[in-house]
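Structure below; questions to follow.
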Amino acid sequence: MKPKPSDVTPKELFDQRRSFLKLGAASVVATGSVSNLLAALKTKAPSPLSFIPSENLENLKPNSFEQASGYVNFYEFSTSKTAPVGLSKTLRPYPWELLASGEVENPQSLSIDELYQFPLEERIYRFRCVEGWSMVVPWIGFPLSALLERLKPTTKARYVKFTTLLDPTQFPDQKRGALGVIPHPYVEGLRLDEAMHPLTLLAVGMYGEKLPAQNGAPLRLIVPWKYGFKSIKSIAKIELTQEEPLNTWKLLNPREYGFYANVNPEVDHPRWSQASERLLGSLLKQKTLKFNGYEKEVASLYAGMDLKRDF
């Protein structure tokens, strides 16, 4: 059931509700009054993000914020999973402009403040990295389709190309030019029907807050049925194209990384199995689900395709 507009919870009230549940009983028992509890809630700085909370119909248990924000791939900063937390302080997510162009009738340049005005909702999604680890994250954002509908794709548009900001003053690896870990700027792409799918999200926040720098602030893509490298971070450009974009990892190694990158336990990476994954915080591995558990929703997009060839 889709929440009503009246169900939209301002971020500060959302936080207060969670804080009340966590602190209320203990505070009342310890002090015999609610005054200390109310004082504690007032110390929480309000956020401008308002969003529809997730109904979490799958009863997914999110990883902790510390796990999801402290273990990331962001090669513009480092190949280390933990170093971007500190190194990403050079990123300036505000002000920010998104240039949307290409095969559209209504090209636009949108500020991050304008993007915050889209109806935001919380989506609790599984996230599966091609490297074999996974997590569950409560993202905040809006369907990419909402932006694309505003742009009005032409009949020539078949793909959507995404590009990370190119600014060596903010991203250390971009200073290295041809010696960088990857060619810059980072590029990803989707077929137009994939981009228009209701699960495809442009995320501006997570865990009730704006995106941390190391998680791709201020704007990133989330495609939950694909491996994580498709979910490009710090997006500066969106372009609708006639031709399939050459995404960064396919450019680097087309034998190991394809354009589609659908999560598929039946198609191994050339150097490791994709049949299982390690959930962050767990010592044991779990079976990987086809399309990361979203097979019912997205399998029809690939009807008749050879998923071992088109990986």
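Note that Cβ sites are derived from N, Cα and C of the backbone, with glycine treated the same way.
What Swiss-Prot records for this protein is below:
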- Tyr75, Glu76, Cys129, Thr164, Asn215, Arg220, Ser231, Ile232, Lys233: Mo-molybdopterin binding site (BINDING)
- 1-45: signal peptide (SIGNAL)
Across all the protein chains here, work out how many other Cβ atoms are within 10 Å of the Cβ of Asn215 (Mo-molybdopterin binding site).
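The Cβ of Asn215 (Mo-molybdopterin binding site) has 25 Cβ neighbours within 10 Å.
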Count the other Cβ atoms sitting within 10 Å of the Cβ of Tyr75 (Mo-molybdopterin binding site), across every protein chain shown.
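I get 19 for this one.
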Quick one: what's DSSP say for Asn215 (Mo-molybdopterin binding site), helix, strand or coil?
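In three-state terms, Asn215 (Mo-molybdopterin binding site) counts as helix.
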When you measure from the Cβ of Cys129 (Mo-molybdopterin binding site), which residues in the chain that are at least 6 apart have a Cβ under 8 Å away?
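The list for Cys129 (Mo-molybdopterin binding site) reads Asn73, Tyr227, Gly228, Phe229, given in order along the sequence.
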Taking the binding-site residues one at a time (Ser231, Lys233), which has its Cβ surrounded by the most other Cβ atoms within 10 Å?
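Answer returned by the neighbour count: Lys233.
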